[in-house]
Amino acid sequence: MNENEIKIKNEIIALQNKINEWDKHYYDLDNPIVSDEIYDIEYNKLKKYEEQYSYLFSDLELKKSPTNKINAHLSRIFSKVEHDYPMLSLNKTYTIEEIKKFVDNIKKITEKFSFFVEPKIDGLSISIKYKNGKLFKAVTRGNGQIGEDVTSNILQIKDIPKKIAYQKNLEVRGEVFLPINQFEELNKTLASENKPLMANPRNAAAGTLRQLNPEIVKQRNLSAFLYYIINPKKHNIFSMEDSFKFLKNLGFLVTKESKKLNSIEEIEAYITNFKELKKTLDYETDGIVIKLNEIEYYEKLGQTSKFPHWAVAFKYEPDITSTILRDIFITIGRTGVVTYNAKLDEVELSGTKVSFATLNNYEFINNLNINIGDAVYIKKSGEIIPCVIGLANKNNTEVFKPIEKCPYCNNQIYFNDTGLEQFCLNENCPEIKIRKLIHFTSKEALDINSLGEKNIILFHKLNYINEITDIFKLKNYQEELINLSGFGEISVKKIISSIEEAKNKSLEKLIFGLSIPLVGIKSAKFIASKVLKFENVLDFDFSVFEEYHDFGNKITANLIEWFSNEKNIKLIKELISLNVNPIYINEQKTDILNNLAFVITGTLSKPRSFFEKLIIENGGQVFSAVSSNIKYLLAGEKAGSKLVKAKKLNVQVISEKEFYELLNS
Ligand code: IVH
């Protein structure tokens, strides 16, 4: 080997090590540190180099490369089960030309064939066995040969039938995933409890499926699409299309978007169409899967150790770009938690100009090994603000150090005991105070929307509002407010009256608004249902919550501490003296609409809030976006895009009249 070859070999080994490290985080720790897109870029780079420079490596060295392993190592917690038939992966394509190659290979065997094309669900593969019509075993992919027995968790997924009307032994395979709306709910809850957020629905699903407590799995509402039957011929199934119908008839969830296609041209059209369609789905996809429809040729086509020759995945170019990281700065949340942010050279990403992105916490920056001056990859997913997802080019060899001083109060910043998050612990930090005030008036809390974030910052600066209780004393500054530029009698009256109204909001909203550590919306509701009236918190024995297993001892300990703190007691007493003393209102009166999901659109005979209230009172749920998880779209006149989307997704559209019929049924 000459000097140059040694250098190349070392670079390739470094790349192998990096991918091995990523695999470890993805498969062993269920906590990926790079996005799929970057993984694919680097993985393909490695594959290319290994091919080009294979003469620099021994066979054994190449065998050990991550490109030659079926990934996924196994954890020690769930018991291991060997698959009767290995669970393979899929070869990836990015262009029509590559798909044509796949088709040419089929043509070597047969002239007459069709395709079955499906969304590629971004979840976790699962194999489920039924005996005498009963689900008895569910196993994850693991390393493809040996998986983990997660039967007790799979039994919690309501979309997976536990009993089917089919007596023969049956093994079906599919993908467990977390619907996007459930993912958003979960992150909302985690955020309100000051817990670290899940990076994406796939991670959340992976974390959930590996929970040791099936109760948690139940609460998270995982779902699953099934797409494959083992030994189909034994069940008189000879095509993928028939497999789908068979699964559907037995009550399994199958993707509505899957269909039989006859030519490459049709596949091309499907690809174009699905690029838009996928944005409307309530589950994440990472491309499509193109399968030969006729199962009789599968055996002849064969497989490699990694993937079959009868199917191929197609992936879209990701909405991802790179730019230069110009600065890293932090913001502080209401609990004092530190968030790192990136100032970037402006770039266009999915049609918008981007110059800021989130970096989450210090651990995140450290894992990605990025620093100011480096080129970074950024990605935008949905409506969430863009996120830095990886290092594109290293320009700064120094390691970025954690920020040590709070930029708002100059106090020391500390790492918590897990070493993952940093906090400003200064009770009097002006930024924490402002964030708490903003939270108190936010929609989920007391919903004093006419006060608004901008006004809170202004009134805080003018010293009119320092503490929560000052909000209810703002009327003492009415004259001063009216004289402020940009304010007038009408706007000030509106602010004051919405503050007065807030006094009568429900108890759970007030409790949530107090920013008690770990107390999110759900816990606040529970606390309210036990405390019943705000003034009762003063001598309520919170230790009784220790009996409720779902509630968690940590929250209980926090509650006991928070409600016995002198300052907080003073705050509560002052709120009560200001007539802020709400009671618990149990909004649900019946369960006629138990857990049915609604979206409301168009012009109805009464305001939307009227219907929202009716739905909630009767046990239903109201969402703002149409997805396949929505049961009904209540549509009035001039319904627009939501109606179009509902029709596309086969969501049942009902009129006001039909809504009342449903209520009376
Ligand atoms: S068929 C031989 N169909 O993608 C494997 N897989 O990257 C046959 N996946 O291991 C799989 N959606 O976990 C198939 N509609 C779909 C899929 C799908 C997602 C997963 C599956 C597979 C992985 C390969």
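Just so it is clear, glycine is given a Cβ too, placed from its N, Cα and C backbone atoms.
Straight from TrEMBL, the features:
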| type | residues | note |
| --- | --- | --- |
| BINDING | D36, E37, I38, Y39, D40, S89, L90, E118, R141, E175, K291, K315 | NAD(+) binding site |
| ACT_SITE | K120 | active site, N6-AMP-lysine intermediate |
| BINDING | C406, C409, C424, C429 | Zn(2+) binding site |
| DOMAIN | 588-665 | domain 'BRCT' |
(message) Using DSSP and collapsing to three states, where does K120 (active site, N6-AMP-lysine intermediate) fall: helix, strand or coil?
(response) strand
(request) Would you mind reading off the Cα separation of D40 (NAD(+) binding site) from C406 (Zn(2+) binding site), to the nearest angstrom? (result) 38
(message) Please report the distance from the Cα of C409 (Zn(2+) binding site) to the Cα of R141 (NAD(+) binding site), rounded to the nearest angstrom.
(response) 50
(request) Please name which of the recorded positions listed here, I38, L90, K120, R141, is nearest in space to C429 (Zn(2+) binding site), Cα against Cα. (result) I38
(request) Could you tell me which three-state DSSP class K291 (NAD(+) binding site) falls into? (result) strand
(request) Identify, in sequence order, the residues in the chain of C424 (Zn(2+) binding site) that are 6 or more apart from it along the sequence and have a CB within less than 8 Å of its CB; answer 'none' if there are none. (result) I332, G336, V338, C406, Y408, C409, N411, I413, E431, I432
(request) Write down the Cα-Cα distance for the residue listed as 'active site, N6-AMP-lysine intermediate' and R141 (NAD(+) binding site), rounded and given in Å. (result) 16
(request) Check C406 (Zn(2+) binding site) against DSSP and tell me helix, strand or coil, would you? (result) coil
(message) DSSP secondary structure for D40 (NAD(+) binding site), reduced to helix/strand/coil, please.
(response) helix
(message) Suppose we screen the recorded positions I38, K120, C429 by Cβ distance to ligand 1 with a cut-off under 6 Å; which survive, in sequence order?
(response) K120
(message) Test of understanding: give the count of other CB atoms lying within 10 angstroms of the CB of C429 (Zn(2+) binding site).
(response) 18
(request) May I have the list of same-chain residues other than C406, C409, C424, C429 whose Cβ is within 8 Å of the Cβ centroid of the recorded Zn(2+) site, in sequence order? (result) I332, G336, P407, Y408, N410, N411, I413, L425, N426, P430, E431, I432
